[in-house]
Amino acid sequence: MKVTVGPDPSLVYRPDVDPEVAKDKASFRNYTSGPLLDRVFTTYKLMHTHQTVDFVRSKHAQFGGFSYKKMTVMEAVDLLDGLVDESDPDVDFPNSFHAFQTAEGIRKAHPDKDWFHLVGLLHDLGKVLALFGEPQWAVVGDTFPVGCRPQASVVFCDSTFQDNPDLQDPRYSTELGMYQPHCGLDRVLMSWGHDEYMYQVMKFNKFSLPPEAFYMIRFHSFYPWHTGRDYQQLCSQQDLAMLPWVREFNKFDLYTKCPDLPDVDKLRPYYQGLIDKYCPGILSW
């Protein structure tokens, strides 16, 4: 079964790590022109219209029982081969290869942190939501807090939120909205997608990974925070301490993508060992 997930608007025009293959950086995350602009805009228009406090809470209720599927982490990785991600017109290969490429990039740069290697393998597994029938605007893309006014660095902020009912609700339409100053991102309701879902899967199944790993998974698509430097009014000191880890992971999130595919069969035993160490057995999804 193949499910079209793309285009993932958060993954368009991102650079490679290798400077020899990197393009002009001005062309990356370009939301003013380009062949994919219309469909990327449409994706964000749907996202920014429908991602409300009530919608996100309904998705937590819908998926919070973790009763959709029982499978191991490696089975979830293999399921990514059934996802057709149309966000990258230049490189066409299964998402599972990207998982291993990201993990191997981290492994090379941080050989002493095996838990970090596993984060690379895990980070996009929440995209199995697409196999459960979720629309792509509720699976992929940059994330943002609901329940408060969107900040300036949110993609298409000025042109896609007009029909979002929360912005007509005085509880949710101010800079702080329903939150207290510096309440901490752990008390913030994030827009629903593969980041938040995978974070919840990890918590429910009691992954024995360090807090940094949970932050990387939950916030790797929160570009308005880790790159746009917005939403500081919600951050606690713990969030600021974790921010360098999220940014470090961001270097490898798709930046390691290249047509030289890894030999997955040779890599599987190493990563299966990490799975057995940190998140073994059949998990609830």
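For all residues, glycine too, the Cβ spot is worked out from N, Cα and C.
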Per Swiss-Prot, what member of His60, His182, His194 joins Asp124, His220 in binding Fe cation 2 at one site?
His194
Looking at Swiss-Prot, His123, Asp124, Asp253 are annotated for Fe cation 1. Which of His98, His110, His117 sits in that same site?
His98
Pairwise Cα distance for Asp142 (substrate binding site)/His220 (Fe cation 2 binding site) [Å, integer]
9
How many neighbouring Cβ atoms, not counting its own, are there within 10 Å of the Cβ of Ser221 (substrate binding site)?
28
Does DSSP put His194 (Fe cation 2 binding site) in a helix, in a strand, or in coil?
helix
Counting other CB atoms within 10 A of each CB, which of the binding-site residues Asp124, Asp142 comes out lowest?
Asp142
